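Trainee: Have a look at the structure that comes next, please.
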Ligand SMILES: Cc1cc2nc3c(=O)[nH]c(=O)nc-3n(C[C@H](O)[C@H](O)[C@H](O)COP(=O)(O)O)c2cc1C
């Protein structure tokens with residue numbers, strides 16, 4: 001039995017979002033094929049996933065200097081707790097599915113914040129004299145991203161998500177792009193349908 005972690009980086013559901021529509025198709029197929037697997041979702045918008053800011057960085061310094069977690073201000077404990085929970089959840093997962101729209105040539109800020117939460121020296125990577133070492137075994141991940149234009153993997157979001165996850169030892173299994181609906185609105189339905197078919201194929205092999 002595998003534990004699959006789904007990172008939902010979109011504020012809408014499949015009725016409004018082509019990213020999430022494709023994700024839903026992926027998960028339906030995956031669950032049907034792997035009924036015993038546990039699928040856990042983290043909805044970055046619904047949970048108001050926090051960003052790395054000055055108070056959190058200052059608190060890291062305090063913890064390193066011996067301050068107890070419970071002596072940190074309550075609001076800092078809350079956001080740091082979300083970061084810590086995300087890290088533990090990521091480490092415990094056997095496989096990952098990340099779904100986000102392209103926004104302004106990049107990923108939503110909340111997804112960047114989640115990547116900040118899981119990229120922790122000593123936990124998911126470490127530094128050595130000869131460079132960095134990824135600490136996680138090869139966790140396969142699937143990246144689903146919708147974009148208004150066509151990029152075919154040559155966009156910053158796709159390349160960043162792959163680089164950031166592989167930095168920690170994860171390994172991209174597939175990228176499913178739902179691309180071109182805004183540039184070719186008359187083809188939008190076919191583009192989404194084709195992405196859903198691709199999602200079924202990838203899910204049945206994942
Ligand atoms: C705030 C915002 C920024 C966007 N920026 C881009 C962009 O830089 N390039 C692009 O091709 N499409 C861009 N789009 C279009 C979306 O990527 C496209 O509509 C995609 O389908 C969004 O995913 P969704 O259908 O899951 O919401 C943007 C859309 C929004 C709302």
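The backbone N, Cα and C atoms fix where each Cβ goes, and this holds for glycine too.
Dumping what TrEMBL says about this protein:
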BINDING   102, 103, 104, 105  FMN binding site
DOMAIN    2-200  domain 'Flavodoxin-like fold'
Trainee: Around the FMN site recorded as 102, 103, 104, 105, what other same-chain residues have a C-beta within 8 angstroms of the site's C-beta center?
Mentor: 101, 106, 107, 147, 157
Trainee: Please name the residue among the binding-site residues 102, 105 whose C-beta has the most neighbouring C-beta atoms within 10 angstroms.
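Mentor: Of the binding-site residues 102, 105, the highest Cβ count within 10 Å belongs to 102.
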Trainee: So how many other Cβ atoms are close to residue 104 (FMN binding site), meaning within 10 Å of its Cβ?
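Mentor: So the Cβ neighbour count for residue 104 (FMN binding site) comes to 8.
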